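Notes for the one structure printed next.
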Ligand SMILES: [Zn+2]
């Protein structure tokens, strides 16, 4: 499951409930967990002193979920360790991982909006809404989600896969890119495809979306069919791009990623 659990209801409040919470505890941008990768109890965090942030960010069933954060450099208390969120993928339970991902995005937003971007005054966080409000000019700043498209292009039994210079060596994936202000998602898919590999495509088919908290993306994935053009990898962005037969694929992204689910979906369809 690559999403917040269905029984999770998001909310945002600076008013903390009395009930025992699920604790999403963060020092700097590292997550505090037990050595066997479970979320810490509230009592285990007592030694850390007054947190920088302590807010309610939703409920898992009836259990309140609290984002509690301390500044970088704070020492982890006895019995807990700090780990990056990426490293916790597949080790922290699914529910805990995706609620942690939400916590991390909200924390990044809170830290990035301590002052008003218009007039510079220190902001105040609304009591029951994820909004940082400027007391001087009333400007309101909400958490940002950045849409990014992903597209897997096919030509007969072949898939167009590419690698960017920051991928693990040998790994190829579907194309991806951020939506520009003013642009539709569909236009973005066509534009990015042309920019990254120089081919034209048709018949975009919706696949699925996935939140990606590094730092605040929402991946929106499509299948598409090739029309025309020879592959010309975009300099600086695409290290290599090729057509791969579904029976001779390179190393692919991790099974948990939406890219891999998209590729597996195409393979199943083409083999079926
Ligand atoms: Zn202001």
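Numbering starts at 1 and runs along the chain as displayed.
Using N, Cα and C of the backbone, Cβ positions are placed for all residues, glycine too.
Unlike curated records, TrEMBL annotations are generated automatically.
Listed features, source TrEMBL:
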type: BINDING; residues: 86, 129, 142, 210, 211, 212, 213, 214, 215, 216, 217, 259; note: substrate binding site
type: BINDING; residues: 116, 119, 134, 137; note: Zn(2+) binding site
type: DOMAIN; residues: 143-267; note: domain 'Nudix hydrolase'
type: BINDING; residues: 176, 196, 237; note: divalent metal cation 1 binding site
type: MOTIF; residues: 177-198; note: motif 'Nudix box'
type: BINDING; residues: 192; note: divalent metal cation 2 binding site
type: BINDING; residues: 192, 196, 237; note: divalent metal cation 3 binding site
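Mapped onto this structure are the features recorded in TrEMBL.
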| residue | record | contacts (Cβ under 8 Å, 6+ apart) |
| --- | --- | --- |
| 119 | Zn(2+) binding site | 134, 136, 137, 139 |
| 142 | substrate binding site | 109, 130, 131, 132 |
| 176 | divalent metal cation 1 binding site | 148, 149, 150, 151, 192, 219, 259 |
| 196 | divalent metal cation 1 binding site | 162, 175, 177, 233, 234, 237, 238, 241 |
| 211 | substrate binding site | 3, 4, 98, 101, 102, 145, 217, 218, 219 |
| 213 | substrate binding site | 85, 101, 102, 104, 105 |
Query raised in the report: Taking the mean position of the Cβ atoms of 192, 196, 237 as the divalent metal cation 3 site, which residues outside that list, in the same chain, have a Cβ no more than 8 Å away, listed in sequence order?
Result: 162, 175, 176, 177, 193, 195, 197, 234, 238
Requested in this report: Run through the motif 'Nudix box' (177-198) and tell me, per DSSP, how many residues are helix, strand and coil.
Outcome: 13 helix, 2 strand, 7 coil
Report summary line: The mean pLDDT across the motif 'Nudix box' (177-198) is 98
Query raised in the report: Checking the binding-site residues 142, 176, 192, 211, 237: which ones have Cβ within under 6 Å of ligand 1?
Result: none
Query raised in the report: For the domain 'Nudix hydrolase' (143-267), what are the DSSP-based totals of helix, strand and coil residues?
Result: 23 helix, 54 strand, 48 coil
Query raised in the report: So how many other Cβ atoms are close to residue 237 (divalent metal cation 1 binding site), meaning within 10 Å of its Cβ?
Result: 16
Query raised in the report: How many Å lie between the Cα of residue 215 (substrate binding site) and the Cα of residue 116 (Zn(2+) binding site)?
Result: 20
Query raised in the report: Ranking the binding-site residues 116, 134, 137 by other Cβ atoms within 10 Å, which is at the bottom?
Result: 137
**Report entry** Around the Cβ of residue 192 (divalent metal cation 2 binding site), the count of other Cβ atoms that are within 10 Å
**Finding:** 23
